[in-house]
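Taken verbatim from TrEMBL:
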type	residues	note
TRANSMEM	6-29	transmembrane segment
TRANSMEM	65-86	transmembrane segment
TRANSMEM	93-112	transmembrane segment
TRANSMEM	118-140	transmembrane segment
TRANSMEM	152-173	transmembrane segment
TRANSMEM	185-209	transmembrane segment
DOMAIN	251-382	domain 'GGDEF'
């Protein structure tokens with residue numbers, strides 16, 4: 001090995017510090033998420049540890065060796081805690097503090113009482129492994145779809161880094177070096193592995209944060225905040241997709257346009273909070289009764305639009321009647337606010353060849369339902385198109 005490991009240590013330290021600077025900005029931009037600050041502090045400690053290690057010729061060796069090793073294990077621990085906090089896992093702080101305290105005592109003994117480089121290096125590898133395993137466990141247990149893909153990438157990075165740690169521990173046992181800067185394979189793994197996988201680990205964590213932000217912004221842009229159903233803009237995209245699919249494959253789809261009966265009376269009687277309660281209760285019932293591939297949106301005010309892909313008019317009418325009956329049988333507000341809905345049903349081609357004409361047909365059918373007593377289902381007639 002012709003590598004100058006003291007120079008490599010400086011490069012690793014600079015890399016970790018540059019990563020920390022980016023993470024600090026991310027911390028301020030996405031400070032509502034737990035874990036970013038902890039992970040960032042971990043990367044700063046990692047940079048400090050390697051920088052201190054590279055300054056052994058300038059500072060007292062006994063001071064730099066102890067500080068570098070303690071900082072490096074603390075950095076891995078804080079990175080683990082940061083990941084755990086971000087994915088919503090409960091961290092065992094007592095376990096991690098105990099590991100770090102025990103490690104510090106071992107370093108003191110094998111540095112100031114019985115100077116032994118192998119024992120110090122091997123204990124660092126040994127104590128790092130359970131923390132890396134714990135980090136991998138947190139990532140493996142992550143089920144949040146908002147950043148699942150990024151979490152899986154980071155899991156691969158941490159798992160590979162853990163395997164390198166195992167390999168280094170084995171190499172230390174087989175061929176123990178006498179110095180951290182001695183050119184051999186175990187030291188090369190320590191420096192180059194930390195450089196590469198530290199960079200990838202930081203990148204993976206930043207991907208998790210970015211993907212989570214993107215998904216939450218997407219939800220804000222596509223979901224009605226009160227009812228948690230699709231908003232009008234998002235539903236329009238689904239409608240356009242189904243219309244294009246119909247043009248290509250002639251696969252039918254139907255719409256149900258529904259409205260809460262006497263909604264103004266509900267607002268006047270129970271207040272706007274009562275009206276909101278009725279809308280959220282209605283949306284929950286509709287979501288429970290619809291099929292997994294159906295789409296529900298709040299179309300405006302107390303009006304909802306249901307998209308039924310691959311559904312004939314007859315089937316759509318059956319679904320609409322089932323929805324009407326379920327709403328009537330399940331009052332909102334723990335049974336205190338009785339409400340009903342009126343529904344208009346239309347199918348593509350039969351009642352319109354475009355999304356606009358189909359919605360118009362369903363709207364006219366809904367108006368007819370309102371005019372004929374409410375709490376009923378009306379199918380659009382050919383004349384409604």
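Here the Cβ of each residue, glycine as well, is placed from N, Cα and C on the backbone.
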In contact by Cβ distance (the transmembrane segment (185-209), the transmembrane segment (6-29); 3 or more pairs under 8 Å): yes
Criterion met for the transmembrane segment (185-209) and the transmembrane segment (65-86) (at least three Cβ pairs under 8 Å): yes
Number of helical, extended and coil residues in the domain 'GGDEF' (251-382), per DSSP: 66 helix, 32 strand, 34 coil
Overall pLDDT of the domain 'GGDEF' (251-382), taken as the mean: 94
